[in-house]
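Engineer: As annotated by TrEMBL, domain 'G-protein coupled receptors family 1 profile' applies to 41-301. The annotation transmembrane segment is assigned in TrEMBL to 26-50, 62-90, 102-129, 150-170, 198-226, 246-271.
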Amino acid sequence: MNSSKSPGLAGFGVLKNTTCHTEKKISVFFSIIFMTVGILSNSLAIVILMKAYQRFRQKSKASFLLLASGLVVTDLFGHLINGAIAVFVYASDKDWIRFNQSNILCSVFGICMVFFGLCPLFLGSVMAVERCIGVTKPIFHSTKMTSRHVKMMLTMVCLFAVLIALLPILRFRAYQIQASRTWCFYKTEHVEDWEDRFYLLLFSCLGFLALAISFLCNAVTGITLLRVKFKSQQRQGRSHHFEMIIQLLAIMCVSCICWSPFLVTMARIGINEGGSKETCETILFALRMATWNQILDPWVYILLRKAVLKNLYKITSGCCGVQVINLHMWELSSIKNSLKVAAISESPGSSKQINLQPLTSMGQ
């Protein structure tokens with residue numbers, strides 16, 4: 001009987017002859033650290049994004065903040081669910097036969113691994129598409145990209161990721177316990193059936209497609225913003241675009257670096273017929289690299305904000321002695337304000353409408 005079609009015994013053949021040995025104490029330590037840091041980082045990022053959403057009611061930025069919040073919330077639940085299951089497995093001495101007789105836990109673990117792996121990549125590409133439309137087609141964006149439409153997009157992305165994660169279950173193909181006995185995923189050992197290869201290749205292709213869409217849309221957005229800036233047109237109101245494109249580029253770079261090893265490894269396993277030469281240590285290294293994506297994503301929104309970047313610029317300028325230039329710029333702005341006030345005061349009938357705020361700033 002094919003073990004992939006017998007849910008009660010799925011993956012237990014791996015437990016008899018495992019070639020991957022991991023140190024329990026070190027693995028538990030890293031799992032707890034990753035889960036704790038990921039939860040704290042994503043929680044802080046959610047607070048920052050929610051405050052920004054309440055503060056900025058611009059449609060062009062509100063839609064981006066909603067999508068970013070969805071990405072961070074997905075990463076948060078990924079750490080909570082996957083991390084809790086992994087810690088439970090380690091705490092139970094990885095004895096799957098004892099606590100996974102009906103293969104329910106392994107199925108849930110595999111579904112969560114696929115969903116929380118693909119969903120952030122999908123959301124990153126959707127955010128890139130949203131920014132590209134907002135910069136290249138601002139009128140269409142302001143009329144069509146409402147918060148209601150953004151929430152519908154979030155729901156559709158999540159449902160599509162859930163569908164991909166449930167495909168093996170719908171096809172009566174149980175998720176497999178991997179050789180390290182610490183996580184569940186598609187079948188990665190002795191892959192000979194075309195359907196098992198299809199799931200691995202589908203996961204890899206969708207991940208690479210999301211990264212490619214993000215790269216293309218971010219490139220178009222960046223080129224458009226640079227052309228507008230060089231032409232000295234519409235400078236006002238564009239600073240938030242640059243802030244968001246910097247964040248998107250950072251997310252794309254983090255996703256490419258963290259997810260590429262895992263996606264390439266799964267693709268190689270799916271392409272190689274009659275088994276794969278990938279070792280358990282290689283797959284575990286790629287998996288841990290992918291886990292770092294959910295830890296680094298929230299720090300993009302924590303660090304790459306306009307207020308933080310301004311403070312960093314001030315600190316850097318102070319260390320490099322650039323504050324003299326800032327002083328001259330302040331003096332020049334004060335002269336311009338004084339000339340403006342003088343012109344208003346000399347105009348007839350406007351002596352009572354003089355704005356005293358520039359004078360106050362000069363006195364300071």
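Our numbering is plain: 1 for the first residue shown, then up by one each step along the chain.
Glycine is treated like the rest: Cβ placed from N, Cα and C.
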Engineer: What residues in the same chain, six or more past the boundaries of the transmembrane segment (26-50), come closer than 8 Å to it by Cβ-Cβ distance?
Structural biologist: 65, 68-69, 72-73, 75-76, 78-80, 83-84, 86-87, 90-91, 182, 288, 291, 294-295, 297-299, 301-302, 305
Engineer: Thinking of Cβ pairs under 8 Å, which stretch from 62-90, 150-170, 246-271 has the most of them with the transmembrane segment (198-226)?
Structural biologist: 246-271
Engineer: Under an 8 Å Cβ to Cβ limit, what residues of the same chain, 6 or more beyond the ends of the transmembrane segment (62-90), are close to it?
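Structural biologist: Contacts with the transmembrane segment (62-90): 24, 27-28, 31-32, 34-35, 38-39, 42-43, 45-46, 49-50, 52-53, 56, 96, 105, 108-109, 112-113, 116, 119-120, 123-124, 126-127, 130-131, 134, 141, 145-147, 149-151, 153-154, 157-158, 181-183, 244, 247, 251, 294-295, 297-298, 301.
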Engineer: Looking only at residues six or more beyond either end of the transmembrane segment (102-129), which have a C-beta under 8 A from one in the stretch?
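Structural biologist: Sequence-remote neighbours of the transmembrane segment (102-129) are 7-11, 64, 67-68, 70-71, 74-75, 77-78, 81-82, 85, 96, 153-154, 157-158, 160-162, 164-166, 168-169, 174-177, 183-186, 203, 206-207, 209-211, 213-214, 216-218, 221, 248, 251-252, 255, 259, 262, 290, 293-294, 297.
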